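Asker: Submitted below is the structure of interest, expressed as structure tokens.
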């Protein structure tokens, strides 16, 4: 598919989109966002700005802000972030050896240069400042706070045994996220590491564990992480999935990087797991290339390589075990073997069933492990106080209920009703919107999030255009103070909150870059909120 480069995103991410559902304009900066023709440019001008609160400063929040500022002429965006610094997963979730993926931060900085944009950091909505305090002062609220927790396996030993970590914690730890600064993973327990899950995050974890520490030193990886990784005894990493290679979620770039890692051998995948030639020839080009790369394997010589890794398929973790000699210290993982549905085992959606021995007993295998990581997905959580705004968080799906375009919904009993494809009726909650992972679930790359955020911003613009001059969408009588952060600030100050501005972030940014320059790296992040605030005096 020929995909035009989207605004505010690098070519690396654009190349990984397989479907584009939102039209976008050519690359442009805010100095040029003036009198261009736009779908909703006929928005009625009011005496004051149309105030929007964006909750979350990651890619979803910034892309939505960019789109909204370019679509609604009098829009003014206040972006709230619980940390003193912006960018969310772009700063704390992208692997340090993937600096090209972080190019979006430069574009987000251009968004922040708009006089209609205001960053409010170090303010945790819901916990330290009630969500309800926003409503009187805004015309719309957009939730884009992502998926702050990880999914658990729910197997014996997962919480009781030492050296069991979530990939999310580990990624946050080596990226300098204050929340996980004190994770202190013990990488000296032994040579064997097992990762459950076969997405890109799992491969990121494997690559960091196996990479040459001197190569990582040049990146913005946390200094304390370098210290621990330099002492690591991990020599073998097994990346385990419950289905087959045709169903794995990793992409070709991440796979290629691991296969080409110097001094690291790859255990070949059994040939019987690959599709026959007639099936291969009918595969989409991207999937065919991935399978061909996987079948080719690595050119690194196992006899001279000091480390190794493998992709193990058709295994479901059942229990974590420790040895009697070392109670609560992980020694191995017991897995149940699976079989792919024989009707079509090469479909990406193919299901697995338990594999049984001739005796009727479930087939099992034990794999040595000294360190264990689960990487089976993230999940969103409800912010405290959502219910005060009438929002009923969907705990089962882990999302804020919405109509697919980002308008937050509730089961219909009053107001205008809309029928979803499944026949259920919903009511829109006026002025409340969501974007990103909290809208659709934790899937896709940054480019996917951009398209998703654009669709939500377009929905807001359409709703504004349909208001016939009413200033507020959020407040049903059409009244809002329109003060935005200036109306919220007194409550924040009363609670002793020290909010940070974009200028404050720029000072922190400069300090991190100066620290990094002394060490020969891009930046040296502050790993604690207190350290960030000390820079500001």
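Positions of Cβ are set from backbone N, Cα and C atoms, glycine also.
Per TrEMBL, the features are:
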BINDING   60, 81, 89, 125, 437, 444, 445, 446  FAD binding site
BINDING   198, 199, 200, 201, 242, 243, 254, 444  NADP(+) binding site
DOMAIN    50-209  domain 'FAD/NAD(P)-binding'
REGION    402-421  region 'Disordered'
Asker: Just give me the nearest neighbour of residue 200 (NADP(+) binding site) among the binding-site residues 60, 81, 125, 437, Cα to Cα.
Answerer: 437
Asker: Going by C-alpha distance, which of the binding-site residues 89, 445, 446 is nearest to residue 242 (NADP(+) binding site)?
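Answerer: Nearest in space to residue 242 (NADP(+) binding site), counting only the binding-site residues, is 445.
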Asker: For the domain 'FAD/NAD(P)-binding' (50-209), what's the model's average pLDDT?
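Answerer: The average pLDDT of the model in the domain 'FAD/NAD(P)-binding' (50-209) works out to 97.
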Asker: Between residue 201 (NADP(+) binding site) and residue 60 (FAD binding site), what C-alpha distance do you get in Å?
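Answerer: Cα-Cα distance, residue 201 (NADP(+) binding site) to residue 60 (FAD binding site): 19 Å.
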Asker: Give the distance between the Cα atoms of residue 437 (FAD binding site) and residue 243 (NADP(+) binding site), rounded to the nearest whole Å.
Answerer: 24
Asker: Please state how far apart, in Å and to a whole number, the two most distant Cα atoms are among 60, 81, 89, 125, 437, 444, 445, 446, the recorded FAD-binding residues.
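Answerer: Max span of the FAD binding residues, Cα based, is 26 Å.
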Asker: Specify the secondary structure state of residue 125 (FAD binding site) as given by DSSP, simplified to three classes.
Answerer: strand
Asker: Which whole-number value in Å describes the distance between the Cα atoms of residue 444 (FAD binding site) and residue 198 (NADP(+) binding site)?
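Answerer: Cα of residue 444 (FAD binding site) to Cα of residue 198 (NADP(+) binding site) measures 14 Å after rounding.
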